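Structure first, then comments.
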């Protein structure tokens with residue numbers, strides 16, 4: 001089965017830490033200026049047709065694809081084609097990158113200074129660099145980094161420049177253009193700008209997709225974009241967006257290129273620059289508009305220590321190999337290739353599966369620092385715990401994570417208590433260790449109101465949660481099995497699977513769970529639990545061993561905040577949501593409901609306050625038909641099916657077992 | 001069975017040879033008119049034989065290789081000095097030294113003249129399976145007077161075409177299922193008799209024309225349990241009449257291309273149908289495979305050239321009742337026959353268009369800085385519908401290949417000129433010698449118009465960066481066509497195997513298809529463990545209003561492989577899949593045979609396949625024509 005191969009267990013031997021090289025090391029020992037001005041002669045795509053950034057625009061405007069849509073639009077609008085062409089040109093002017101080496105050199109110089117101030121090290125897997133170099137030579141390449149920080153794409157170009165690799169063109173959100181000067185600087189370092197939404201705008205879509213495809217086909221430069229579409233504020237991977245992935249795979253489907261290499265890249269930060277910023281955003285403090293002055297104010301962060309960064313260039317994935325046996329390219333034989341049309345169902349599901357697979361590769365290759373394990377322990381002890389116990393638990397968790405194949409960067413030579421101490425020191429803004437006891441940092445001593453105190457606390461919790469989230473993907477599948485074991489009717493394999501399936505379904509917007517891979521996920525979860533001796537297989541039953549108790553309770557504890565958060569959302573809908581609630585009103589309303597609950601009932605489910613969780617829960621409820629969108633006039637309101645919502649709430653609370661799905665596929 | 005070649009037969013052959021020699025001697029002298037014969041094969045036994053200087057004897061093995069391409073006297077070899085030469089006297093290259101071929105050969109394939117892979121010198125008659133004869137059929141054939149043989153050599157010769165696996169097996173001395181008997185009908189009526197007898201006695205008939213198939217069409221189906229009879233049409237080779245008012249000629253289908261042209265030329269006409277295999281392939285074979293000739297731009301492909309076809313089927317003879325130039329009377333029955341690949345019957349006689357021999361012929365060539373520009377130029381020429389008789393675009397690798405076949409230059413002056421040309425193109429004009437490609441041209445017509453036409457084509461070429469590169473290069477390009485198959489035999493002496501295959505594809509996909517197929521070949525070779533980079537090259541050989549025909553050459557050094565033919569087959573299979581995925585057709589003119597049968601369903605749909613099957617079921621319910629091609 002093709003999908004099985006996609007999600008195969010990675011070989012832990014691949015991830016030797018020794019393979020990483022600190023690129024700042026050399027920067028600390030030699031001249032940045034010389035580095036910025038050094039000879040740059042990257043290996044290019046062998047089939048490249050050399051062309052300038054400005055000629056690209058002409059090629060795009062004159063392409064059959066764009067001309068076809070221009071004519072179509074001009075007929076629909078009753079405008080002359082010239083006017084529509086002008087419009088297309090304007091779109092292109094707004095979008096196009098103007099990559100030039102001098103800007104890159106400028107960034108190479110300034111970023112060297114900045115990175116040295118901010119980070120202890122920037123570690124890059126050299127083998128990945130070699131693989132990438134080969135891939136760039138062979139086929140058009142698409143770089144797919146994870147997105148946790150604004151500096152991701154600067155970091156990418158910086159690393160590629162350092163290794164003398166072809167500089168990418170990068171799809172960036174239009175909001176950057178709002179920043180004077182900086183937007184243009186980014187443009188000159190290879191960024192091209194796309195609108196966040198352009199729903200039905202045919203012309204925009206045609207110009208944009210043709211622009212990207214032209215650069216890909218001509219081998220102009222590697223194309224870089226973020227599969228997740230936006231920065232993940234929670235440090236969990238986001239459900240992938242398919243638009244750009246569709247675009248870059250299309251030239252292969254249509255035979256315009258022999259193959260396309262997709263390179264998943266994982267950038268992991270020991271300490272994310274935006275950590276508390278994200279938490280505030282999730283709590284509803286609006287995101288500050290990108291502005292140059294804002295950036296300048298952020299200068300003070302230069303005096304902080306942000307630990308180290310790992311950049312892991314994953315194995316390039318050949319679209320051709322993936323498509324083998326799944327895509328029938330001859331479906332494009334009978335219609336001119338420039339006529340836009342909806343891709344077939346097989347193609348859509350292929351692109352979707354590929355996107356999930358790539359995000360999972362990104363997750364798997366994230367280098368995990370000891371701190372994320374500490375954060376995971378802390379998140380289950382929000383009242384704090386003894387340093388000694390914390391260390392013990394962290395070491396225990398390290399063993400478990402190792403057994404589950406986590407990509408851990410744990411300094412083996414250093415004693416555990418030193419490792420924990422230095423992690424705590426690095427994150428002094430989040431945790432404090434006083435009198436041998438470690439707890440999350442409290443807010444200011446004299447809060448104006450209980451709500452404010454709550455928010456202050458929640459900022460700390462959500463920040464800490466974002467580090468735990470980095471390690472979630474390692475534990476996710478066994479943790480879902482662990483919860484399923486608790487809630488299932490019996491310990492029979494198929495009962496557990498039903499519960500698992502139910503949970504997996506509920507959380508499929510929350511976590512990266514590949515559609516259609518529930519059996520594999522269940523098997524993977526069970527396999528890992530069996531492997532670490534937490535459960536045993538007795539005929540048709542999954543039995544928890546004595547040794548397994550703490551493991552399972554820790555694992556289900558990890559998902560507890562999500563279970564609770566979803567229950568809060570359900571309760572909101574069953575108890576408080578008013579008729580005619582619009583989507584826009586939903587987030588503030590559910591937030592204030594959660595605030596009330598926490599204050600009145602002393603709950604600790606701070607994560608229910610996170611807009612990310614709230615949105616995911618909403619999507620889940622809609623998907624499960626517990627909610628329905630009703631279009632009335634120009635508003636979309638949410639119609640609640642109270643029974644269904646209550647049923648979900650009760651199931652998540654473990655009060656009722658999950659209904660058996662009609663078709664258990666075991 | 002020597003007894004079948006009785007003394008009168010030998011005498012006849014001898015007489016014939018004398019006539020040929022006489023013909024050569026007096027050729028220009030008295031302008032003897034060609035004799036045209038009435039459509040009755042019994043009456044004119046002696047006249048007939050003088051009509052055609054027959055280049056194909058019954059015992060083909062006497063003049064042709066049994067395990068390779070073409071005439072026995074013509075082959076490439078590396079002489080003691082390590083220089084390549086081409087033996088014999090038949091071709092322009094014959095007797096010449098090709099000084100750069102060795103370096104090209106070793107450089108391209110990583111081959112080495114020290115590493116030889118010689119063929120077995122001969123196969124003993126005992127290797128060939130004994131004939132499985134249907135005695136009643138044999139008796140009846142004998143009674144009918146149609147010549148026949150069950151000699152091992154005759155049967156083995158007709159058991160194969162020229163696919164790589166077929167020739168490779170012969171070179172290793174391996175012989176599979178072969179026909180059990182060969183018959184040589186002399187005319188249409190003989191064929192009617194044979195087909196009747198075959199139906200009566202339930203034997204399997206496989207028509208055999210020139211034997212140049214590259215689709216496994218001539219392979220005997222191993223599952224066939226009946227006696228297999230190879231029906232060799234070579235003795236039906238007369239031009240029965242020429243109609244100068246309508247410019248048509250009525251011709252027996254066994255005639256091979258070179259004879260047809262030569263005889264027509266004698267009366268001032270030609271068909272203009274010149275497939276690359278025209279030395280050996282037959283008119284009936286062209287009809288049965290939907291052949292295409294290199295000058296189709298002026299004369300048309302075989303389907304444009306035929307006016308009337310007579311075919312003998314187990315149900316009887318099929319033909320139309322008139323010779324109107326175009327008809328609206330239901331689906332054209334000719335199109336059931338064209339491309340039927342010997343599954344329905346034997347084509348015996350064809351009425352074909354003829355044209356006066358053109359007054360003037362001129363070769364030409366254009367160098368382009370890149371293949372992309374070359375294709376763009378061909379597309380423009382097709383758009384303006386001004387393609388010369390032939391126009392072909394070779395990619396860079398084939399350009400280099402063509403260069404390797406340059407004969408030794410006779411004077412210092414020529415080599416100096418060559419050097420100057422090279423300098424002009426690469427240094428002065430800045431063409432990258434590893435990217436440039438060349439188009440070869442052939443113009444035909446009256447002198448003035450050819451020159452005018454030539455100017456038009458060169459003007460278009462110039463717009464795409466093309467530089468005229470002389471007549472020589474053009475002519476050499478076409479000569480290459482006729483010797484390429486001989487070169488494969490040379491390669492096989494040194495561990496290099498290869499083949500060509502073709503497709504047709506819409507214009508907008510030509511470049512994509514060429515690039516992807518070539519790359520697929522390289523990649524598949526690597527994956528299948530081929531130790532040396534393969535030669536994977538292509539050329540555009542025909543242009544149409546809506547697309548082009550693309551030809552691929554693919555060859556590799558197979559040292560270190562346990563089963564090279566299997567690897568070859570896998571790679572060709574992958575290449576065909578790639579062609580289909582990129583919008584190319586299953587075949588432009590080679591046909592389907594048994595080699596490409598598996599893709600018929602996706603190529604013509606289930607219903608289409610059913611249509612063809614129902615025709616087969618009606619025409620040949622007992623599968624007398626049991627070569628199992630196509631369906």
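Cβ coordinates come from backbone N, Cα and C, glycine included.
For B:175-357, the entry in TrEMBL reads domain 'FAD-binding PCMH-type'.
What TrEMBL records for B:207-213, B:289-292, B:341-347 is FAD binding site. Long-range C-beta contacts of residue B:213 (FAD binding site), restricted to its own chain and to partners at least six residues apart, with a cutoff below 8 Å, comprise B:161, B:162, B:163, B:285, B:289, B:591, B:593.
Spatially close to residue B:392 (site 'Important for enzyme activity') yet at least six residues away along the chain are B:294, B:439, B:440, B:477, B:539, B:540, B:541, judged by Cβ distances under 8 angstroms. Sequence annotations record features per position, and here TrEMBL assigns site 'Important for enzyme activity' to B:392.
Marked as substrate binding site by TrEMBL: B:488. Residue B:488 (substrate binding site) falls within a helix when secondary structure is assigned with DSSP.
According to DSSP, residue B:551 (active site, proton donor/acceptor) sits within a strand segment. Residues or ranges marked as active site, proton donor/acceptor in TrEMBL: B:551.
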B:207, B:210, B:345 as binding-site residues, winner by CB count within 10 A
B:207
Long-range same-chain neighbours of residue B:342 (FAD binding site), Cβ under 8 Å, sequence gap at least 6?
B:206, B:207, B:217, B:288, B:625, B:627, B:629
Work out the three-state DSSP category of residue B:392 (site 'Important for enzyme activity').
strand
For residue B:207 (FAD binding site), what is the secondary structure by DSSP, using just helix, strand and coil?
strand
How many Å lie between the Cα of residue B:291 (FAD binding site) and the Cα of residue B:488 (substrate binding site)?
22
Out of B:210, B:345, B:551, which of these recorded positions is nearest residue B:488 (substrate binding site) by C-alpha distance?
B:551
Going by DSSP, is residue B:345 (FAD binding site) part of a helix, a strand, or coil?
coil
Measuring Cα to Cα, tell me the gap between residue B:345 (FAD binding site) and residue B:551 (active site, proton donor/acceptor) in whole angstrom.
29
